[in-house]
Every structure is written in structure tokens, then in C-alpha cells.
Amino acid sequence: MADACSEMDRGAEKYPLLGFGQAVIGPPGSGKSTYVRAMQALLARMGRKSAIINLDPAGEDEPGAAVSLRELLGLEEVMSELRLGPNGSLLYCMEYLQENLDWLRARLQGLRGTYLLLDCPGQVELYTHHPALPDILRRLGGWGLRLCAVHLVDSHYCTDPAKFISVLCTSLSTMLHVELPHINVLSKMDLIEQYGRLAFNLDYYTEVMDLSFLVEQLTSDPFFRRHKRLHEKLAGVIEDYGLVTFMPLSIKDDKSLQLVLSAVDKASGFCFGEAKQSLGNLMSVAVGADFQFTSTLAFQEKYVENDGRTVEEETLDL
């Protein structure tokens, strides 16, 4: 297996798949496929040629997908022939792709220079524990593809302190395990308060500020009070690394999608490439943080109930 991989990687050095792309990851229901379609539409409007690569053997084929793992094998046939459950079958599919990357390389060869959007499976274990998918992404990087991981998380988890701490732990574990330039995204911002009110301003969650306030929120619940020390330790780990922040996104808000693309281009190095060598582009990267903060304020005003007060007035209470 190792010899075959080495031989394949040597061949990749001779015929590199030069290009950029996004590995779109995240738990089920976080909006990965919707994001991929919206991002492809945005890239088309910008005149950037892109292609969808469907690496999820469980879902339906993306309309217009240039490559689909289901052409190699599908989840249903694995479950039927090997008598595995859904989770075991998905892990088997990823391991099978890992061992047959020559198939994927052959399919990608005709897409050299095209911006790739990798729609990945939604099983969290693939990003936090299992080695197959990170190895596949690493090998793609060895072929000359400069990928950025875009990790989508449903924004309504912010309304539940316990769930948000779990999201932070999952995001941190994913960042350390996948080992790619990484952008965390709070998706479906237009539905953020569908299941409850936010305890703090939106920027508290996007910037992952002092988590001791969140732990205190948990202690108000008798069920979580006995787990206070556990939550304090988890919060300490997250703050010690200091890696996790989020960008807000609503597919209905084209400007927020553009900001995510700008952050991805900066992380992957696309904005410094020959296709976009201009002083204006470099300056836009330098001030990107200000635009992101403005975007967060806009989402706060538009989608978060604030009892008639402005964001500035609520900020004074923190």
C-alpha cells in the first residue's frame, strides 16, 4: 500500500494538478451541498471556472457535478454486499477511495486549473478521528492542489451553551486533524434564533470570546451544574489553543458569501496568485478583518432580536 502511494505521488509530481479549491466539510444538515451550489454560482458570476467534486457516497449526485464518488461505489451497494450499517459503510467507502486514488486523479486530470469545490461526507468521525479523509486531502495537496477546508456549523447551536461548547470542541479537533488552511463558518444565519435567543451579542460567538461567561450560563441549568468543572476544562482547552473563530453566513446574503470566498482565497493563497496580482486585491486582504466585523454587526441587526436596542447599546452591557 505504501509503495503504491509513493509511486502515485511520484507520478503526481511529474503531472501536477495545479489549481485551488475548497474542501467543504461539516456535520449532517449544516448546509454543505447548498453552500457548494451557491459558491459555484458566485464563482460563475465572477468569471472563475469551477467544478463540483462529490465525495459523499451517501447523498444524491449534485446537479452538474463534474466528478462523483458514486461512479466508483455507492453507500447502498456497500451496505447490501458487505452487510454493514450506514456509518461502517461510509468509512469503508472513504478507505476504498483512499486505496484507489488513481481513479480520482484520472478524473481530475481533465480539470487542471479549474477551481474545485469538494462536497465531503457529513460523518463527524471522518474529520475528528478517522485517517482516511485527511490522508486523501493531503495527497490532493501533494498533486499541486491548494485546498482550504471550509467547516460549516449550523448557527442555531449558538443558542444552546452546551451545544456551542461541543461545536467548539469539534471544530478544534477538526482543525488539528485535517491539517489544512481552515475557515469555520456559522451557516443558516437567517435561522439563528429559530430555536431560542442568544445569550450574548453575535460577535461573542464568532470571535469566541471569554468562555467563562458561557460556562456560567450552563450552571443556571440544574442538569449541567454538576458538570461545571468538565465544561471549565473544555473551555480552557479551547482558549489555550486560541484557533477557533467563525464567519457568519447566510446563503440569502450574497455579500456574506463573498466575504467567505475572500477569506478562503487569502487562506489558500489564491489572492496572491498571478490571476489576481493587483495592489487593490492585496489591500482588500489587509483590511478584510474590518469587513468581517461589519458583516457580523449587519447580521446582528438583521437576524438577532435585541429588544429595540442597537448593537452598540447591547455591547455596553458586556
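The backbone N, Cα and C atoms fix where each Cβ goes, and this holds for glycine too.
According to Swiss-Prot:
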type: BINDING; residues: Gly29, Ser30, Gly31, Lys32, Ser33, Thr34, Ser187, Lys188, Met189, Asp190; note: GTP binding site
type: SITE; residues: Asn87; note: site 'Stabilizes the phosphate intermediate'
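Annotated features, which come from Swiss-Prot, shown on the structure.
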residue : record                                       : DSSP class
Gly29   : GTP binding site                             : coil
Asn87   : site 'Stabilizes the phosphate intermediate' : helix
Ser187  : GTP binding site                             : strand
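Here GTP is bound by Gly29, Ser30, Gly31, Lys32, Ser33, Thr34, Ser187, Lys188, Met189, Asp190 per the record. The longest Cα to Cα distance in that group is 17 Å. Here Asn87 (site 'Stabilizes the phosphate intermediate') is positioned 29 angstrom away from Met189 (GTP binding site), judged by their C-alpha atoms. Note on proximity: of the binding-site residues Gly29, Gly31, Ser33, Ser187, the one nearest Asn87 (site 'Stabilizes the phosphate intermediate') is Gly29, by Cα distance.
Each of the binding-site residues Gly29, Gly31 was scored by the other Cβ atoms within 10 Å of its Cβ; the lowest score goes to Gly29.
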